Amino acid sequence: MVLCFPLLLLLLVLWGQVCPLHAIPKHLTKARWFEIQHIRPSPLQCNRAMNGINNYTQHCKPQNTFLHDSFQNVAAVCDLLSITCKNGYHNCHQSLKPVNMTDCRLTSGSYPQCRYSTAAQYKLFIIACEPPQKSDPPYNLVPVHLDSIL
């Protein structure tokens, strides 16, 4: 039994080193992290665009999509009819019109030398929305997760 505690502690420490890959940086709200990861008003080459995201997480994110629109326009999608998200929650909303976007996929490298392919797209998107936190823009709901691309 005495041997179990150190082993459990080691597992928790190791899990903590893996878990932050999907965690939101502590000083950011979910909406701000969504904006950093997914909003780019104009197209940008993926190697450069992903560098900023990967610097927050200290790893190469395998895939990411940038919506080429304003945060305000994307947040307006949160006011549309709610639909079911991939995780079964009912806080997702689908865009009415397609938007230009860039899909970035990791092709090689390890942090900080991550290399990505860049693919331009014009598609609909589904986002998860939640009430804003204190430092978020004063909308009824704000985007917090890019659930899917259609």
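Numbers run from 1 along the shown chain.
Keep in mind that glycine also has a Cβ here, set from the backbone N, Cα and C atoms.
Feature annotation from Swiss-Prot assigns active site, proton acceptor to His38; the stated evidence is similarity to another entry. Sequence annotations record features per position, and here Swiss-Prot assigns active site, proton donor to His145 based on similarity to another entry. Annotated substrate binding site per Swiss-Prot: Lys61, Pro62, Gln63, Asn64, Thr65, Lys86, Arg105, in sequence order. Per Swiss-Prot, disulfide bond is recorded for Cys46-Cys104, Cys60-Cys114, Cys78-Cys129, Cys85-Cys92. Annotation comment: Swiss-Prot describes Asn55, Asn100 as N-linked glycosylation site. Annotated signal peptide per Swiss-Prot: 1-23, in sequence order, evidence recorded as similarity to another entry. Annotation comment: Swiss-Prot describes Lys61 as site 'Critical for catalytic activity'.
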Fewest Cβ neighbours within 10 Å, where candidates are the recorded positions His38, Lys61, Lys86, Arg105, His145: Lys86
Close recorded positions near Lys86 (substrate binding site), where close means Cα within 10 Å, chosen from Cys46, Asn55, Cys60, Cys104, His145: none
Cα proximity to Arg105 (substrate binding site), best match among recorded positions Asn55, Cys60, His145: Cys60
For Asn100 (N-linked glycosylation site), nearby residues of its own chain (Cβ under 8 Å, 6 or more apart in sequence): Pro43, His68, Asp69, Ala120, Gln121, Tyr122
Closest of Cys78, Cys92, Cys114, Cys129, His145 to Gln63 (substrate binding site), Cα positions, recorded positions only: Cys114
Recorded positions clustered about the residue listed as 'active site, proton donor' [Cα within 10 Å; pool: His38, Asn64, Cys92, Cys129]: His38, Cys92, Cys129
In three-state DSSP terms, the structure that Pro62 (substrate binding site) belongs to: coil
